[in-house]
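These notes concern the structure reproduced below.
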Amino acid sequence: MNDSEIFDSLECPGGAKSPCSGRGSCADGMEGNGSCSCQEGFGGTACETCADDNLFGPSCSAVCSCVHGVCNSGTGGDGTCECYSAYTGPNCDQPIPECAALLCPENSRCSPSNEDGTKLECKCLPNYKGDGKYCEPINPCLQDICHLHAHCTYLGPNRHSCTCKEGYRGDGQVCLPVDPCQTNFGNCPTKSTVCKYDGPGQVKELLMDNEAAQYFVKLHIIAGQMNTECMSNIDTFYTLTGKSGEIFNGDKDNQLKLKLYGGKKKVKIIEGNIIASNGLLHILDRAMDKMAPTFKSNTEQTIMTMLQPRYSTFRSLLEETNVGHALDEDGVGGPYTIFVPSNEALNNMKDGTLDYLLSPEGSRKLLELIRYHIVPFTQLEVATLVSTPHIRSMANQIIQFNTTNNGQLLANGVAMEEIEVAAKNGRIYTLTGVLVPPSIVPVLPRRCDETKREIKLALFTHKCVYTGRIRSLKSGCARYCNVTVKCVDGLGGNGTCVCQDGFQGSQCQFCSDPNKYGPQCDKKCLCVDGTCDNRIDSDGACLLGTCREGSAGRFCHRQTSACGPYVQFCHIHATCEYSNGTASCVCKAGYEGDGSLCSEMDPCAGSTLGGCSHNAECIRTGTGTHTCVCQQGWTGDGRDCSEINNCLLPLAGGCHDNATCLYVGPGQNECECKKGFRGNGIDCEPISSCLEQTGKCHPLATCEFTSGVWSCVCGEGYEGDGLLCYGNAAVELSFLSAAAIFNQWLNNASLQPMLSAASNLTVLVPSQQAIENMDQEEKAFWLSKSNIPALVRYHTLLGTYGVADLQALSSSDMLATSLQGNFLHLEKADGNITIEGASIVDGDNAATNGVIHIINKQYNLASAIEAADAYTVFAPNNDAIENYVREKKVTTLEEDILKYHVVLEEKLLKNDLHNGMHRETMLGFSYLVSFFLHDDQLYVNEAPINYTNVATDKGVIHGLGKVLEIQKNRCDNNDTTILRVSYIQSQ
């Protein structure tokens with residue numbers, strides 16, 4: 001090995017052709033540090049400048065003579081002076097009196113004109129630039145004045161400082177890379193390592209950043225044992241970071257080389273296949289490229305914060321299922337390990353799958369899918385994941401892990417991209433696909449077209465080699481490839497061996513388990529009916545002379561008696577059977593083979609798992625026998641397991657009778673107390689106190705502590721139980737929106753005191769529609785100030801009559817009004833009541849001194865309909881009207897309801913009605929009815945059409961099974977409501 005292989009040589013400042021600019025001597029050679037010692041008068045890292053700012057010329061020997069000016073100094077300067085204002089002359093020592101009249105502004109001075117030396121003008125001061133009328137300071141840092149590897153700092157007008165960047169040294173004008181190998185051999189062990197210079201300050205940078213150092217190391221580790229023979233047959237490898245690289249084996253030197261994708265350096269394997277107890281080592285000629293992660297760890301941010309925006313689709317699903325709250329704080333279940341599909345993976349799911357999961361019908365499956373990607377209570381490190389075959393997720397289902405032959409990590413066969421990204425509350429692994437829990441397959445309902453794929457892990461063995469004392473390769477794994485022993489050596493040792501667990505013997509050459517053999521003592525002995533040779537270098541055969549009576553062979557696996565005339569010896573676990581005169585060896589029950597060789601069957605092995613469900617465990621119960629047991633949270637016979645929904649069991653998930661059971665996964669549920677109750681869901685007690693139950697009391701009541709309990713109490717002047725409070729008739733009329741116009745009449749006539757003071761009365765309030773239908777002359781007469789009192793008294797009955805009281809009266813009864821001598825006639829027909837032809841549309845509005853009814857005179861629509869050229873009527877049947885009247889607690893259909901059932905100017909037969917059609921009703925263009933088909937049934941709004949095409953001369957009538965409720969389809973009122981919203985942002 002020559003010197004150039006150990007040390008990297010660097011040029012002296014100024015370059016190899018002109019070290020120290022020819023003005024000094026360089027400390028070079030093996031012992032030198034590359035610095036310059038400048039000759040007298042020169043300075044700078046490469047002796048490139050004069051030592052004093054007042055010197056100039058190639059030899060820096062001339063002295064500037066400027067008195068009131070700035071000298072052109074330096075090795076390239078000529079000593080000329082640039083005079084300050086008011087001075088002139090070669091040495092700037094002659095004053096100019098005429099300058100005072102110019103009044104030069106700040107940062108400029110009076111100087112002779114460049115064009116005409118007899119004239120004066122304002123010029124910018126040295127270190128400033130401009131036209132003399134305006135001058136700004138010169139910033140040298142804008143001119144790339146420092147070295148390429150230096151920072152420029154502005155210090156004032158035409159002043160700056162150059163500082164070499166980290167990893168470089170010099171004065172800023174000249175910056176040289178720092179080679180850490182030149183100082184204390186880069187802190188590398190001098191006897192066993194070579195310090196390799198990879199670039200300015202890289203060693204120091206890694207040592208200062210522990211996270212970057214860990215990532216750098218993972219770039220050099222491959223999951224699984226990949227030997228050089230395997231590398232020769234593949235062209236790609238994956239590191240523990242998830243980043244991949246190329247393998248080159250076709251170069252002229254016939255050596256394996258590696259390069260990370262996106263990197264620049266090819267590294268050479270100079271010594272490979274060094275066997276360790278937990279893997280293989282390959283020695284490289286230098287480190288691979290230092291690369292930054294594309295998804296960087298950040299232990300100051302939560303998982304939810306880190307997923308935005310790169311993994312925004314999965315983050316939105318976490319928010320949709322309310323699981324994101326737990327991942328955005330240090331909550332119950334943390335820390336977490338989360339497997340995050342990329343946006344592309346989610347968008348590439350089968351057409352309609354994501355839309356279905358986001359629908360109300362698919363919400364349960366979406367929650368199950370999201371929980372399947374989360375492992376609670378653990379921060380799964382990649383080193384642990386590599387050696388872990390499976391893990392149970394938050395969905396109480398198993399995620400399988402395995403590694404491909406080129407080191408790529410898979411979860412349920414889905415490749416991982418970014419591996420072990422650290423967050424404040426857990427670890428993140430990103431995926432190229434989506435993990436689908438078995439419990440929701442198929443995802444889309446009523447479909448069974450999924451393709452089943454299965455990946456089997458292939459095992460391979462390799463020949464183990466070691467280096468002998470004379471540096472020649474020897475083979476054999478027994479003593480040198482397995483670290484089974486620790487020798488008590490050294491000055492204080494006695495040369496004895498201390499065996500590791502699982503090994504025994506003076507040289508730890510035997511397995512502790514008499515039925516195990518192999519270098520790791522992890523192989524089951526192949527000896528069938530004898531004593532196993534349990535050495536670590538054994539092949540699992542029986543010890544000589546140990547076969548029991550009736551057995552023979554190296555593995556004591558053959559019977560000693562022949563079967564049939566051809567002297568066939570059956571296996572020890574086979575029987576000799578005759579069929580049609582022919583003898584043959586047949587393996588016994590629980591064994592499989594050709595009879596000459598029988599091996600014990602493992603019903604749980606293979607892809608079928610003994611016929612057990614994917615959500616069950618196959619458990620061997622004896623030779624060739626097994627049982628299937630459903631996993632926790634699943635139920636069935638083991639061959640078929642279905643998820644347990646605790647909420648559907650008799651105990652309802654252990655929830656209280658006054659709680660709701662919420663299904664969250666197989667065998668999992670949460671309990672939530674119903675509204676009006678409090679507790680943990682297992683125990684719920686009623687919230688009886690109005691102090692604890694918001695909105696329990698009526699708006700006119702307050703929650704007060706009386707008689708030892710908190711209860712709702714109506715305010716002064718109001719009556720009721722606190723849950724309902726009401727005042728006198730005048731007060732209640734001011735609250736009723738339907739009585740707004742009538743209440744205005746009271747205000748105009750100052751009649752509130754009368755209604756407040758009177759007792760035992762019934763007020764009949766005309767609806768707004770009834771008032772609009774009044775004749776204009778009649779309205780003007782009755783609403784005059786002098787006539788309003790009579791009109792109001794005429795609408796006020798003496799006595800309190802609820803709707804039930806009026807129903808109990810006979811048709812001949814007359815109702816006395818508070819207008820003396822005037823009565824109103826009560827009529828009853830088909831169970832409906834009218835008072836002077838007006839029906840009650842909103843009755844039994846309570847007051848402390850009586851009751852209030854809203855009335856509406858019956859309006860005859862027949863004339864308006866018949867006046868149209870054409871019409872279509874949608875008529876509810878008798879049952880529909882009776883149900884509506886009973887549910888709405890009214891006595892008849894209002895005029896507006898009737899108008900909403902009529903379409904004018906069109907005779908719409910059944911064939912004219914089609915799905916998606918809209919038509920304007922008699923209420924106007926803001927009130928439309930819509931038509932649609934559902935299960936071959938025609939609907940108008942929400943009402944089914946029971947019979948059609950009952951024709952008249954100009955129109956048609958269609959029967960309905962339900963009364964249409966008015967729906968306003970347009971917003972033709974310009975009302976603006978401003979809401980003040982406050983929120984608390986979680987930190």
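Just so you know, the numbers here start at 1 and follow the chain as drawn.
Cβ atoms are placed via backbone N, Cα and C, with glycine included.
Annotation source TrEMBL lists disulfide bond at C38-C47 (among others).
The Cβ of C81 (disulfide bond) lies under 8 Å from the Cβ of C64, S65, C66, G69, V70, C71, N72, P90, N91, C92, each of which sits 6+ residues away along the same chain. Look at TrEMBL and you will find C64-C81 (among others) tagged as disulfide bond.
In this view, C83 (disulfide bond) is surrounded by 25 other Cβ atoms within 10 Å of its Cβ, with every protein chain counted. Look at TrEMBL and you will find C83-C92 (among others) tagged as disulfide bond.
Taken from TrEMBL, the feature disulfide bond covers C477-C487 (among others).
Here TrEMBL flags C499-C508 (among others) as disulfide bond.
Within the model, the domain 'EGF-like' (8-48) carries an average pLDDT of 81. Marked as domain 'EGF-like' by TrEMBL: 8-48 (among others).
Counting same-chain residues at least six beyond the ends of the domain 'EGF-like' (56-93), those with a Cβ under 8 angstroms from any Cβ of the stretch are 41-42, 48-50, 99, 104, 108-112, 122-123, 125-127. Annotation comment: TrEMBL describes 56-93 (among others) as domain 'EGF-like'.
The domain 'EGF-like' annotation in TrEMBL covers 95-136 (among others).
Taken from TrEMBL, the feature domain 'EGF-like' applies to 137-176 (among others).
The domain 'FAS1' annotation in TrEMBL covers 298-435 (among others).
The feature domain 'EGF-like' is assigned by TrEMBL to 473-509 (among others).
The feature domain 'EGF-like' is assigned by TrEMBL to 559-599 (among others).
Remark: secondary structure over the domain 'EGF-like' (600-642) totals 3 helix, 19 strand, 21 coil, with classes taken from DSSP. The domain 'EGF-like' annotation in TrEMBL covers 600-642 (among others).
For the domain 'EGF-like' (643-685), the residues of the chain that approach it from at least six positions outside its boundaries are 364, 367-368, 371, 394-397, 439, 615, 632-635, 692-693, judged by C-beta separation under 8 angstroms. What TrEMBL records for 643-685 (among others) is domain 'EGF-like'.
Positions annotated as domain 'FAS1' by TrEMBL: 726-859 (among others).
TrEMBL lists 855-964 (among others) with the feature domain 'FAS1'.
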Seminar exercise, completed: Whole-Å Cα distance, C38 (disulfide bond) to C499 (disulfide bond), is 67
For this session: For the disulfide-bonded residues C38, C47, work out the Cβ neighbour count at 10 Å and name the residue with the minimum.
Result: C38
Problem set entry | Long-range Cβ neighbours of the domain 'EGF-like' (600-642) (under 8 Å; 6 or more residues past either end) | 396-398, 438-439, 454, 456, 573, 589-592, 665-668
Exercise. Among the disulfide-bonded residues listed here (C47, C499, C508), which has the Cα closest to the Cα of C83 (disulfide bond)?
Worked result: C47
Exercise. Which sequence positions outside the domain 'EGF-like' (95-136), separated from its termini by at least 6 residues, show Cβ-Cβ distances below 8 Å to it?
Worked result: 69-70, 82-88, 157-159
Exercise. What count of other C-beta atoms do you get within 10 angstroms of the C-beta of C92 (disulfide bond), across all chains shown?
Worked result: 19
Problem set entry | DSSP residue counts for the domain 'EGF-like' (643-685), split into helix, strand and coil | 6 helix, 19 strand, 18 coil
For this session: Whole-number Å only: compute the distance from the Cα of C499 (disulfide bond) to the Cα of C47 (disulfide bond).
Result: 68
Exercise. Out of C499, C508, which of the disulfide-bonded residues has the smallest number of neighbouring Cβ atoms within 10 Å?
Worked result: C499
For this session: Sorry to bug you, but what's the C-alpha spacing from C47 (disulfide bond) to C508 (disulfide bond), rounded to the closest Å?
Result: 70
For this session: Provide the three-state DSSP residue tally for the domain 'EGF-like' (56-93): helix first, then strand, then coil.
Result: 0 helix, 12 strand, 26 coil
